[in-house]
């Protein structure tokens, strides 16, 4: 009876930690997504073209993508739970920098600081989510990811109803969210260290599948991440401009429509993990990325209401793959959670940044509508999922 009570208390504690890290993921991504959410303000205030908008995204995303795998490798050997509030400090400084930047170069510097904050947060927080999973890795990754996706969905609403009416300087108020996240993450770090998970690890001689047998699946997963995140980059960076250009709606209405897409993406992330635990992650990945193809092909050719409806389906279906991809990769290389999470989050950020920059150039050369006609074919790369192993040995 005493043992059962202790187990129940431990389970409640780890679930509370999982919720705490998910809340911090929400706060982190809410602040990070304020950058693309205010692109209409930046475009008008600094007289930017689409290529310059894409460069801001590139600086932010590539900063995060380069650092995340290195941080993940380091923290696999030497877990650093207190790096989380430290990283949140970079996000805070970047946010204040965005609020008061006076030149384009200062905007790029603030974007880079946001990228550094994100690169420190994701690998270690993903490890803590897995530690607190109790073995339900897909469910835990979904809880963790849905916090981030929900935070991303809040960004456009905050931009529409708080920042746009008050001006860019009002972004500084969101530094309070960074301070709250720093307090929560400090408490999570105390739990992580007290639980004994923060001790330096000795690399095991055999950890999961042999390296030669995981290279091809990891490359395939990378291709799938590329198709997913370049498409998402087109939405995050240019969807507002597309809606304004094509349907002549207000910036505020376009922000609301972006929120609808991101909220659907958050729901898809939540659904994908548990379904992957039940029917297999390979099936979820195939169904998610290939299943969205008919809807992406239709989107550039329909009216406003149909565009919003299709965006809901696309967000819901496409985002269900991410948790499955990350957990699939972790299953291929158990014991390398930080490295794998850093690699895949880094890949996601890097590919999204390069995609956004390239799409900005395409938009300047042709039109914003052409961008979505090109991106409509990206889910075809989901065919790569058919070559993923059915079982991980």
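Including glycine, each Cβ sits where the backbone N, Cα and C put it.
Note that the coordinates shown come from a computational prediction; the quantities given were computed from them, not determined experimentally.
Feature annotations, courtesy of TrEMBL:
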type: TRANSMEM; residues: 9-28; note: transmembrane segment
type: DOMAIN; residues: 17-393; note: domain 'Major facilitator superfamily (MFS) profile'
type: TRANSMEM; residues: 48-70; note: transmembrane segment
type: TRANSMEM; residues: 82-101; note: transmembrane segment
type: TRANSMEM; residues: 170-192; note: transmembrane segment
type: TRANSMEM; residues: 212-234; note: transmembrane segment
type: TRANSMEM; residues: 254-271; note: transmembrane segment
type: TRANSMEM; residues: 283-302; note: transmembrane segment
type: TRANSMEM; residues: 308-330; note: transmembrane segment
type: TRANSMEM; residues: 342-363; note: transmembrane segment
type: TRANSMEM; residues: 369-388; note: transmembrane segment
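A Cβ distance under 8 Å defines the sequence-distant neighbours of the transmembrane segment (212-234), meaning residues of its chain 6+ beyond its ends; these are 57, 61, 265, 285, 289, 296, 318, 321-322, 325, 328-329, 332-333, 344, 347-348, 351-353, 355-356, 359, 371-372, 375, 378-382, 384-385, 387-389, 393. A contact between the transmembrane segment (48-70) and the transmembrane segment (369-388) is absent, since fewer than 3 of their C-beta pairs, 6 or more residues apart, lie under 8 Å. Residues 49-55, 57-62, 64-73, 115, 118-119, 122-123, 126, 221-222, 225-226, 228-230, 232-234, 236-238, 241, 325-326, 329, 370-371, 374-375 of the same chain, all 6+ positions outside the transmembrane segment (342-363), place their C-beta atoms under 8 angstroms from a C-beta of that stretch. Model confidence over the domain 'Major facilitator superfamily (MFS) profile' (17-393) is summarised by a mean pLDDT of 87.
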